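Asker: Following this message is one structure expressed as structure tokens.
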Amino acid sequence: MIERIYLAKPRGFCAGVVMAIQAVEKAAVREDKPVTVYHSIVHNHTVVERLSEGGRVHFVEDLDAVDALPDSGDTVIFSAHGISPAVRERARSLGLSTIDATCPLVTKVHTEAKKYAREGYTILLIGDSAGHQEVIGTRGEAPENTILVGVLGKTGPGLNDPHAVQVPDPERLVVLTQTTLSVDDTRKTVDILKARFPALVVPPSEDLCYATKNRQDAVKNIAPNVDAFLVLTSTHSSNGMRLLELAEAECGRAYRLETAADLTRLEQNGDLGGVRSVGITSAASTPDDLVQDVVAHFRALNPALEVIEEGEWENIEFREPKKIAPTQELPRTMQ
């Protein structure tokens, strides 16, 4: 029986996710017709389902599909993961007004990519998947200058091994990263590249976002106190899956949930056998009510359950993105 739960702080929604979700919610109320979101606004099924309720928000993976949507309006919202200039230009050519809900910390990486490309650098972009929306968007800012490098331990189509990647000019080289990677694995990957290419430029401010680091640190702090870890995340959430990997490495037993309903499977499989204390965290795109549902499940089994919250909440807010008409000049940071 679970006697004690340690809830990680921080966990769940980060400032970028809150900004993006609120942008969709406000646009759905403000616009005369339903709004369209390009890609999942954040990588969480529950969030997408809740926003879709009522028919005021549609989600597409291709902007050309907007016209085919019922009662489609002319406003499209870009997801928190960022988009390439090609997608932005396609929206403009289709006459769509846009609301860019890209996380400002992702936009910062885009800005760095454009800067270094203009200066003639080759960009080594560290990521965990060539198909991740954030990687696609960042690479799209400077496709001719960018080489994808798999973060340590990650392989796949389009990802180069940091031990073997080849570059055209080792003297004009900079490293940028996806924002949601393992802090430890990213540091090791950069160290490998720096050892191979001594002239490699590492930007002074880390690309990994504060929320990624803080959530990983919270897992490390709790792990010594628990028998097992539960991580609420979608498999599509990069930061959430990195939390799962970290929890398993630090604790030895870690399980992924999307909702409290998944606990039935764990209990039937005997996965929580012998577990008396459990740590719980959640991806930056996971609503906290899903975490509280898990706590309620265990409390129903043990009314004397002790719940301890470890760590501190963040106090960061991002400005609401503005709507841009298709004929309107883009802000300088988007050019």
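Every residue, even glycine, has its Cβ placed from backbone N, Cα and C.
Annotations per Swiss-Prot:
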- C14, C103, C209: [4Fe-4S] cluster binding site (BINDING)
- H43, H81, H132, T179, S237, S238, N239, S285: (2E)-4-hydroxy-3-methylbut-2-enyl diphosphate binding site (BINDING)
- H43, H81, H132, S237, S238, N239, S285: dimethylallyl diphosphate binding site (BINDING)
- H43, H81, H132, S237, S238, N239, S285: isopentenyl diphosphate binding site (BINDING)
- E134: active site, proton donor (ACT_SITE)
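So where do these features actually land, and what's packed around them?
Answerer: In this structure, C103 ([4Fe-4S] cluster binding site) belongs to neither helix nor strand by DSSP; it is coil.
Within 10 Å of the C-beta atom of H81 ((2E)-4-hydroxy-3-methylbut-2-enyl diphosphate binding site) sit 28 other C-beta atoms, taking all shown protein chains into account.
With a 10 A radius on its CB, H132 ((2E)-4-hydroxy-3-methylbut-2-enyl diphosphate binding site) counts 17 other CB atoms from all the protein chains. DSSP gives H132 ((2E)-4-hydroxy-3-methylbut-2-enyl diphosphate binding site) a coil state; it is part of no helix or strand.
Every protein chain considered, the tally of other Cβ atoms within 10 Å of the Cβ of E134 (active site, proton donor) stands at 25.
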Asker: I'd like to confirm something. Which of the recorded positions, E134, S237, S238, has a Cα closest to the Cα of C103 ([4Fe-4S] cluster binding site)?
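Answerer: With Cα distances computed to C103 ([4Fe-4S] cluster binding site), the winner among E134, S237, S238 is E134.
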Asker: Per 10 Å Cβ neighbour count, which of the binding-site residues T179, S237, N239, S285 ranks highest?
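Answerer: Counting every other Cβ within 10 Å of each candidate, the maximum falls on S285.
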Asker: How long is the line from the C-alpha of C14 ([4Fe-4S] cluster binding site) to the C-alpha of N239 ((2E)-4-hydroxy-3-methylbut-2-enyl diphosphate binding site), rounded to the nearest angstrom?
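Answerer: On Cα coordinates alone, these residues lie 11 Å apart.
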Asker: In terms of DSSP three-state secondary structure, what is the assignment for S238 ((2E)-4-hydroxy-3-methylbut-2-enyl diphosphate binding site)?
Answerer: helix
Asker: Around H43 ((2E)-4-hydroxy-3-methylbut-2-enyl diphosphate binding site), which residues of its chain at least 6 apart sit with Cβ under 8 Å of its Cβ?
Answerer: H81, S234, H236, S237, S238, G240, A283, S285
Asker: Taking the mean position of the Cβ atoms of C14, C103, C209 as the [4Fe-4S] cluster site, which residues outside that list, in the same chain, have a Cβ no more than 8 Å away, listed in sequence order?
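Answerer: What remains near the Cβ centre is A15, G16, V17, A80, P104, L105, V106, T179, T180, Y210, A211, T212, A284.
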Asker: List the residues in the vicinity of the (2E)-4-hydroxy-3-methylbut-2-enyl diphosphate site, defined as same-chain residues other than H43, H81, H132, T179, S237, S238, N239, S285 with C-beta within 8 angstroms of the site's C-beta centre.
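Answerer: Residues close to the (2E)-4-hydroxy-3-methylbut-2-enyl diphosphate site, other than H43, H81, H132, T179, S237, S238, N239, S285: V42, Q133, E134, T180, H236, G240, A283, A284.
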